[in-house]
Amino acid sequence: MSRVDKEKSVNVQVLLRCRPFSDDELRSNAPQVVTCNDYQREVAVTQTIAGKQIDRVFTFDKVFGPTARQRDLYDQAIIPIVNEVLEGFNCTIFAYGQTGTGKTYTMEGECRRAKSGPEGQLPSDAGVIPRAVKQIFDTLERQNTEYSVKVTFLELYNEEITDLLAPEEISKVALEERQKKPLPLMEDGKGGVLVRGLEEEIVTNCSEIFSLLERGSAKRRTAETLLNKQSSRSHSLFSITIHIKEATPEGEELIKCGKLNLVDLAGSENICRSGAREGRAREAGEINKSLLTLGRVITALVEHLGHVPYRDSKLTRLLRDSLGGRTKTCIIATVSPSVHCLEETLSTLDYAHRAKSIKNRPEVNQKMMKSTLIKDLYGEIDRLKAEVYAAREKVGVYIPKDRYQMEENERKAMADQIEQMTASLETNQKQITDLQEKYDSELQHSADLSKKLEATEKCLDHTSNLLSTTKEDLKQAHYNLKEKEFIISEQKKAENALAHQACVLRSELEKSSRDNASLHSKIARGDKLSAANRSVVNSFQADLASKLDILSSTLTASIDQQNKHLKAVEVLCQSCVDSHDTATLEIKKKILASKSLYMSHMEAFQNIVLLHKANTNSTLEDVSSLSAASCCSLDQLLACVEGEALKIFTDIQSLLADHRSELAHFTKELRDSFCISLDRTKDMSSFILGLFEKYTEETSKLQNHSNHTHEAQVKSLEEFQKAYEEQSKSEEQRLLADITSLVSKHIVRQRELVDVRLNSLGDAARGNKTFLDEHTSAMEGVTKDAKRKWEMFAEQAENDCKVGSSFSSAKHCRMETIMQECACTVDSAAQQWKKSHAAVNDLCTKQVAEVEVLVRGAIENNEQHEAEIASSRALAEEQASNSSKEILQDIDSNF
Ligand code: ADP
Ligand code: MG
């Protein structure tokens with residue numbers, strides 16, 4: 001049923017607390033030599049040795065500087081310990097340090113003065129003991145289980161135990177009696193010790209603790225006054241024992257037990273003093289045997305000595321379990337920061353630091369069944385009853401006091417002996433267990449060894465097998481070595497080939513760079529060509545301008561010529577009209593002459609009529625013939641004039657036609673020249689376009705070539721890489737079988753080299769290509785630009801030519817129409833002339849006919865009416881003048 005919690009060994013926990021400067025120290029302005037680093041858990045002590053400042057640093061589990069409050073120390077360090085007590089462990093807390101460094105302050109605190117703290121709250125100066133009790137009660141009350149808390153409070157001075165909680169009620173005599181009679185220390189039969197007759201006070205709540213502490217401290221204080229600073233040499237031990245009821249699932253009631261020891265040790269200065277004066281110390285009544293022994297026990301535990309002198313003092317006997325036993329232990333070392341305590345401070349720090357390496361194996365106390373506990377208690381009651389009975393009834397053995405003392409001493413000696421023997425037994429047992437362990441380990445070791453032997457034999461077999469195979473392998477390896485040498489030579493060859501390839505690649509690269517250069521030169525040539533083109537265009541422009549100038553001058557000249565022609569035509573017309581006028585005037589004159597002739601004829605006729613009536617007919621016939629002749633001559637004249645006019649007209653017409661043909665020829669010439677210049681421009685533009693085309697073609701070719709080269713390079717690189725990889729792979733595989741590491745290393749190195757080289761070559765080729773591409777694209781752009789510009793220009797020039805030619809043709813058309821108009825006018829003038837000529841002809845013939853008719857009539861009438869001749873003659877004269885007038889008028893009106 002009982003459960004034993006075996007736990008791993010744990011080190012004694014050591015805390016360090018440095019108190020603040022006291023008022024005295026502050027007044028005397030004592031320098032500070034101790035500095036605490038709470039977070040680093042370090043304490044540094046500054047020492048000046050032979051004028052040199054030396055810092056000594058100690059590390060502890062926890063460090064509390066002067067500013068640390070009671071509460072901080074408790075919360076950080078003590079709460080877990082008390083919790084473990086409540087779990088059923090035994091725990092001990094020591095306060096160790098020089099007198100006046102705050103041991104009592106830490107353990108008990110100054111609760112008495114601040115008793116009137118708030119309800120349920122501890123005063124801030126309360127030390128570990130009241131806080132632990134409060135925690136215990138708080139926890140137990142929270143757990144709501146049955147429990148009992150007992151406390152004992154004893155003082156150990158000069159190896160004598162005094163009960164600080166002993167009742168004082170009996171009498172002062174009894175008290176003194178009691179104080180004289182120290183309590184004996186007894187073995188409890190379970191490996192522990194107990195103080196016989198020690199008052200166990202049952203505490204039921206937290207506040208009781210203060211009255212208990214007060215009671216104990218009061219006793220200590222009295223003692224202090226009585227015994228002159230006894231407290232600095234005495235140890236006080238406050239124990240809290242807790243019993244907690246637990247119920248098992250089976251309904252059994254178990255009692256869990258935990259104990260907390262709180263030890264306020266004597267001032268550590270006593271250790272040295274007692275140590276220094278060990279000889280006298282014994283005589284002085286073992287001033288502080290306990291403290292000295294505690295030091296020795298610690299030394300023995302730290303140095304793992306076989307014998308630990310627990311039994312040499314009462315304190316170490318009481319606290320045996322806490323030192324290297326089953327109890328969890330915590331030491332609070334207290335120091336003062338002042339330089340006055342430097343020596344003690346250093347010894348305290350050393351002591352505490354040493355104690356850090358003590359190991360305990362804490363164990364949970366066995367839980368007791370309630371029934372056994374009750375049984376134990378009954379036994380105890382029976383024993384006590386018997387004692388009481390014996391005391392009351394004075395039954396029992398009475399022996400003289402000397403003998404009793406002797407027997408007692410003997411008993412003591414025997415008990416001591418027994419203790420020593422048990423101790424030696426313990427050590428023996430320990431040794432036996434150690435030996436057993438050693439034996440076991442030895443056995444284990446031998447078994448391991450035999451196993452190893454077996455394994456080694458196996459290994460040997462295997463190795464010998466391996467050896468034989470290795471020999472074969474060696475042979476094979478030799479063979480392979482040769483093979484490898486061959487391969488290596490092959491590889492070298494391949495390397496050479498590689499180098500050659502690289503050379504080829506390089507030459508190719510150089511070639512490509514040369515190509516590049518030629519490309520550049522081509523570009524330059526293209527630039528030059530475009531400049532030449534520009535100059536050609538400029539010259540053409542100048543040419544065109546001059547030709548246009550010539551054209552305009554020719555046009556003006558032609559216009560002048562035309563004007564001259566027109567003037568000549570005008571002059572001709574004028575001359576024609578003038579000639580016509582003269583002709584008309586001549587006709588008029590002739591008519592007038594004929595009239596006058598007629599008149600004279602008439603007169604002659606009259607004379608003849610009068611004189612020569614018979615000759616009248618012949619004369620008349622003469623007249624009519626004369627008139628016919630005159631008509632004929634008129635006709636002839638008219639015909640002559642008409643021919644002349646017609647000739648003039650035809651001349652004009654031919655001149656006009658000539659002029660027109662000349663104009664047409666000129667226009668044609670102009671057009672031709674236009675056409676030629678247009679054709680030339682077209683040729684030029686087509687040539688330039690072709691050039692551009694060639695350019696682009698060349699560029700694309702170049703690009704293609706660069707692409708091709710690049711591809712070929714890449715391909716060749718890839719092929720080479722692939723070929724190399726294949727070759728090397730196959731070789732590697734072959735070689736791997738034999739001398740893996742060497743060859744692989746070699747291959748890897750080589751591959752790396754080749755890769756690097758290939759990468760660099762590929763990079764160069766890529767760079768080259770991108771450079772070429774860039775240039776090609778740039779050139780393309782430039783060419784395109786130029787081409788676009790040239791096309792624009794050619795288009796414009798063509799348009800200009802077209803406009804010029806259309807303008808000149810329009811001008812020519814207009815000229816032609818003007819000529820036509822002119823010709824038409826001339827034609828119409830000729831028509832008019834013909835008409836008038838016909839009218840004159842008509843009139844002439846009519847007149848001739850009329851004259852003939854008239855002459856005939858006159859002849860007839862002359863014959864018939866001789867009488868009427870005189871009157872008729874006047875009438876005829878009148879009629880003749882009238883008719884001549886009419887003719888004249890007619891002529892005048894007709895021209
Ligand atoms: P010890 O028990 O080691 O001889 P005390 O506990 O009697 O020392 O302390 C001596 C004096 O120093 C007391 O007056 C106490 O109030 C004071 N003291 C000790 N430690 C502290 C501290 N950490 N804070 C404040 N005062 C302290
Ligand atoms: Mg004290």
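Glycine too: its Cβ is placed from the backbone N, Cα and C atoms.
Quick look at what TrEMBL lists:
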BINDING   GLY97, GLN98, THR99, GLY100, THR101, GLY102, LYS103, THR104  ATP binding site
COILED    374-438  coiled coil
COMPBIAS  879-895  compositional bias 'Polar residues'
DOMAIN    11-358  domain 'Kinesin motor'
REGION    873-895  region 'Disordered'
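Taking the mean position of the Cβ atoms of GLY97, GLN98, THR99, GLY100, THR101, GLY102, LYS103, THR104 as the ATP site, the remaining same-chain residues with a Cβ inside 8 Å of that point are ARG19, ALA95, TYR105, GLY267, THR334, SER336. Listed binding-site residues: GLY97, GLY100, GLY102; maximum Cβ neighbour count within 10 Å falls on GLY97. Here the coiled coil (374-438) has a mean pLDDT of 84 out of 100. Checking the binding-site residues GLY97, GLN98, GLY100, GLY102, LYS103, THR104 against ligand 2, the ones with a C-beta less than 6 Å from an atom of that molecule are LYS103, THR104. For THR104 (ATP binding site), other Cβ atoms within 10 Å of its Cβ number 19. Note on LYS103 (ATP binding site): other Cβ atoms within 10 Å of its Cβ, all shown chains, come to 28. In this structure, the binding-site residues GLN98, THR99, THR101 were compared by how many other Cβ atoms lie within 10 Å of their Cβ, and the smallest count belongs to THR99.
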